[in-house]
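Below: the structure, in structure tokens.
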Amino acid sequence: MRLLRPAVVWPLISGILLAVVLLQTFPILSGEPSPVERPTHTDTIIPEVQASELPRINRQQGPVSYAEAVRLAAPAVVNVYTTKIIEQQSHPLLNDPFFRHYFGRSAPPRQKRMQSSLGSGVIVSAEGYILTNHHVISGADEIRVALRDGREAFATVVGADPDTDMAVLKVDLDDLPVITLASAHDAAIGDVVLAIGNPFGVGQTVTQGIISALGRNSLGINTYENFIQTDAAINPGNSGGALINAYGQLLGINTAIFSRSGGSQGIGFAIPSDLARKIMTDLIDNGYVVRGWLGVEVQDLTPALAQSLQVPNTQGVLIAGLLRGGPAHQAGLLPGDVIVELDGQAVENARQSMNQIASTPPHQRIKIQVLRNGKRLETTVTVQQRPTPTTQ
């Protein structure tokens with residue numbers, strides 16, 4: 001048996017001792033968990049957090065939630081159910097003399113059926129006045145309003161304005177929730193808005209989007225157009241409902257959508273609250289809407305028209321016709337004149353000029369600048385009240 005030489009033994013012993021020391025110092029090297037040391041008590045004092053000191057989330061700031069806006073506005077948005085009686089056309093043979101000779105001369109009475117439709121509305125006063133669209137209640141024999149709290153009532157039509165597709169209803173109920181109206185003049189493109197209504201009759205629904213554009217006109221929807229455009233989903237049944245801001249205030253009345261399928265495609269239009277308020281006041285006070293009037297028929301300029309009339313660009317509107325003895329005729333305006341400025345405001349298109357004149361109070365004098373034979377002329381016109389449909 002051979003003994004290990006000292007030169008070999010001592011390095012081996014040193015290696016074993018080193019390994020033992022390392023395992024004692026770093027137990028994780030052995031694959032076993034190291035013991036957890038319990039923290040010793042110190043004199044550090046942790047402050048107790050009171051409930052009042054907890055950070056509060058302001059739901060009116062940022063995209064956290066719009067629940068507060070909905071809580072404020074939604075109770076004032078109602079479902080509007082309309083019913084109309086329709087007489088069904090009799091079969092053509094019943095009016096044929098030969099047929100009636102053999103089967104009886106007395107024609108059977110026409111059958112009647114009930115047609116129902118739905119929409120939305122917004123309660124804007126404690127007296128029970130409700131804003132909605134004219135097309136929602138047009139031709140209805142019966143109008144029923146359902147509130148979010150479960151109450152229902154029959155509504156009467158205070159008045160309607162087909163030119164803007166607005167109507168005012170009234171219900172006789174106590175303790176009505178009333179929405180707060182905001183001024184659409186304070187709205188800006190990019191503002192967050194919520195649409196509240198009853199799409200497809202599924203029940204009150206809230207959709208969210210932004211203001212995509214302001215002052216939309218020339219859409220061919222109404223005679224007078226000044227829409228708020230939004231990408232908040234608006235569908236059939238939303239008509240007459242509320243478009244609110246992030247504070248739960250009414251910005252507009254949802255009216256129409258641009259769609260090739262009949263459903264929402266992110267292009268919806270609402271009547272601004274300022275215009276809706278003015279229409280409501282006129283309908284309640286007068287039964288019709290008071291509008292300014294010049295007695296002119298205008299059309300947009302095309303590049304060809306602008307060139308033939310010696311107009312440098314297509315800004316302005318052409319007077320295509322005017323009523324003899326009307327305000328414009330009395331002020332000396334002529335067919336063929338191009339209106340380029342109304343009361344200090346540049347004219348962009350025919351719809352915009354019609355809206356501006358309509359919103360001008362009757363008997364107010366305004367300055368009008370026109371181009372005639374390439375020369376700029378200015379005249380003053382006294383705006384008159386637009387004749388009502390019954391007096392035209």
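Glycine too: its Cβ is placed from the backbone N, Cα and C atoms.
The annotation active site, charge relay system is assigned in TrEMBL to H135, D165, S239. If you look up TrEMBL, you'll see H135, D165, G237, N238, S239 marked as substrate binding site. Annotated domain 'PDZ' per TrEMBL: 291-349, in sequence order.
Here the features listed in TrEMBL are painted onto the structure.
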residue	record	contacts (Cβ under 8 Å, 6+ apart)
H135	active site, charge relay system	D165, S239
G237	substrate binding site	L118, G119, S120, G197, N198, P199, F200, G201, V202
N238	substrate binding site	G119, S120, A195, G197, N198, P199, N254, G268
Number of Cβ atoms other than its own within 10 Å, given for S239 (substrate binding site): 27
Non-site residues, in chain order, whose CB comes within 8 A of the mean position of the CB atoms of H135, D165, G237, N238, S239 at substrate: G119, S120, T132, N133, V136, P236, G240, G241, N254, T255, A256
Local confidence of the prediction over the domain 'PDZ' (291-349), expressed as mean pLDDT: 90
For substrate, whose listed binding residues are H135, D165, G237, N238, S239, the greatest C-alpha pairwise distance in Å: 15
For the domain 'PDZ' (291-349), residues assigned helix / strand / coil by DSSP: 10 helix, 20 strand, 29 coil
Number of Cβ atoms other than its own within 10 Å, given for D165 (substrate binding site): 25
Three-state secondary structure, which DSSP defines for N238 (substrate binding site): coil
